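Over in Swiss-Prot, the protein carries these features:
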- 203: active site (ACT_SITE)
- 68, 70, 157, 178: Zn(2+) 1 binding site (BINDING)
- 72, 73, 178, 414: Zn(2+) 2 binding site (BINDING)
- 381: SUMO cross-link (CROSSLNK)
- 462: SUMO cross-link (CROSSLNK)
- 475: SUMO cross-link (CROSSLNK)
- 68-73: motif 'HXHXDH motif' (MOTIF)
- 469-479: motif 'Nuclear localization signal' (MOTIF)
């Protein structure tokens, strides 16, 4: 019997180094390839030896999918492809493809150039790894091979984050990566259709948390920042380069403007420029408000937030600094923290989750004496605050997604064991489905439904044979038709036969696009010009000028009409059926360029 097997190589009852191996109907897919920020030894990367037991890695794995650019999801990718030896396709969205190498290089500089770590990937390895990447658009079905297909859904969380559906035949797995079910100031909420997968693999970072009102949290954050700078203190906000950083920058920028505050706000050098560039480049990935107002005002060009210089950390007086990385495990945020930790007037606000082993996790757990590098002890006197601006779904959001997707089974990853256990019970009780939470290296095996026999009508087979394509046992062919179930038996018939048998009338769905052209001529004359232009350009298509003045190209209909407000403008209505969608799009773009001048 066919089955689905899932083995977490990372993020099994743990947060960090997300890496999940999925086998579905004989296809092997690796979901994410992250590093653990709390370790600097072999435990940093997932245990890839599991993949190499079956021989050559590229022969074993059909593809790798990266959900988003955070290093706990993509940080081990160059190591895996260039040092372990994976040479197959790597799928991710375009924003992830653009931002991922920048964050990998930033981390490499910290690990190798500053800390002197060995057995780490090089700059060239990052470049070589990214050459293997295939970019995926949202809702685009990508055919990895003849049987395996993948599809991306919007996940919120960070710019470019996606949930992925992996499908082989009738079996499918949905992997959420990290996602957020509530929209924020710069991104929309995650969304997936009622795809009813065989298995939903979901993150469970906040498995037992139901967040309070976002407005209350924002008010509390602004109050604490304001009080600290008013008493002359400094505020450190450790963030990752893109994501919560932009969310909190927009919040503080608006507050500073409203309150007319003078204390300087700084952001790690270079990162604001990079962030601004990528948000401009990938504006369709942001939320509706930002997309609407972007032409008039770029929300990411901040008036009160300036680039940070290392020397500013020693300057007297109040200030607010956004510094990377977000867990205080290295880099500029850790350097500033060490300088400011001894002054009780100062404050550090941790806006997101910190994995075990990081300085961020230690101070949030109440440690006030920290052993740093070289056995130095750092006494923390500054105030420590945790305010969850994390872009992960809370327990309510996870339950909402499960209800939305309607899976047959659920598997939890990217969370802590005790919290996962609580959520597991909730899911099983509410949705009456099996829920699993394997540890790293543990395999969950799910039997899947056997194949269903389908009878094919003789008429449909004859039509296929008439196309001159001979059957090939080694290469399956797709048959397009309408599936009818009667007395628990399935038959595949032509759409014409289905309509006849079921006594239904055919309905046709048409898409219409308006094209505005400046032209003072009458509609009939305009239609004639359109006909002449299309006839000369589309020589391989049947272009007709009908008696009513409209023009047809295959199933596409073009009609000229007067503009209701501007007599000097004509409106071309271009409509087509989904079968001619490609030609319809081409025709629309062609007409938008205008008509050639009459000789």
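Residue 1 is the first one shown; counting continues down the chain.
For all residues, glycine too, the Cβ spot is worked out from N, Cα and C.
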Taking 8 Å from the centroid of the Cβ atoms of 72, 73, 178, 414 as the cut-off, which other residues in that chain fall inside it around the Zn(2+) 2 site?
11, 15, 16, 18, 32, 34, 67, 68, 70, 177, 203, 205
How does the motif 'HXHXDH motif' (68-73) divide up by DSSP, counting helix, then strand, then coil residues?
3 helix, 0 strand, 3 coil
Cβ-Cβ distance under 8 Å to residue 381 (SUMO cross-link), same chain, at least six residues away:
341, 342, 343, 344, 368
For residue 70 (Zn(2+) 1 binding site) and residue 414 (Zn(2+) 2 binding site), the CA-to-CA distance in whole Å is 13
CA pair residue 414 (Zn(2+) 2 binding site) / residue 68 (Zn(2+) 1 binding site), Å rounded to integer, equals 14
Measuring Cα to Cα, how far is residue 178 (Zn(2+) 1 binding site) from the residue listed as 'active site' in Å?
6
If I take the alpha carbons of residue 68 (Zn(2+) 1 binding site) and residue 203 (active site), what is the distance between them in whole Å?
13
Under 8 Å between C-beta atoms and at least six apart in sequence, can you list the same-chain neighbours of residue 73 (Zn(2+) 2 binding site), or say none if there are none?
18, 32, 33, 34, 66, 67, 177, 178
Non-site residues, in chain order, whose CB comes within 8 A of the mean position of the CB atoms of 68, 70, 157, 178 at Zn(2+) 1:
67, 69, 73, 155, 158, 161, 177, 179, 243, 391
Give the number of CB atoms, excluding that of residue 70 (Zn(2+) 1 binding site) itself, located within 10 Å of its CB.
27
Which chain-mates of the residue listed as 'active site' that are at least 6 residues away have a CB under 8 A from its CB, listed by sequence?
176, 177, 178, 179, 392, 393, 398, 412, 413, 414, 415
